[in-house]
Amino acid sequence: MNDLRYPIGQFTYKRPITEEMIDTWIQEIEDLPHELTKAIKDLDQKQLDTPYRVGGWTVRQVVHHVVDSHMNSYIRFKLALTEKNPTIKPYKEEKWAELPDSKLPVDVSLVMLDSLHKRWVNLLYSLEIEDLEKTFNHPETGETKLAVAIGLYAWHGRHHTAHITSLRKRLNW
């Protein structure tokens, strides 16, 4: 593994996006709370406060970041479903990771992630084909279709889970 920042590679997807791809991605989003919980199982406080790479976030910060990011994504989906191509508000994830709540026990975020994903997955399974074409506009990255955003956030969860599992493997935890 050459680039510790991208243990599963960067987000890519095949075009056209198929119904099977959407179903797989939604399943990955549904599975994330369990997979992330499994990835940190039995880690002690010192391990949770270990960066996954030099200059990177700690395992604890990664867990809290996933929840911060997925809360933002859930809201973006709701905005896109109720408004025409809304412009969403970006946030400074690196600064959020330094806020005091990122030092809380990881269980706080794991409970939030589980509840959030129950609601989000319920919403995702309710989407019609035409809903997948709806978009939101990110001021920095432009217009994103919900179909692509589903794939992106499925990847995002696997990406950060892999930060933790690859660290565990490298350090023999």
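Even glycines carry a Cβ here, placed using N, Cα and C.
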Per Swiss-Prot, member of His64, His65, His117 binding Zn(2+) alongside His156, His160: His65
Output field, Zn(2+) shell: CB within 8 Å of site CB centroid, site His65, His156, His160 dropped: Val62, Val66, Ser69, His70, Gly157, His159, His163
Those binding-site residues listed as His65, His156, His160, and which of them has the most Cβ atoms within 10 Å of its own Cβ: His160
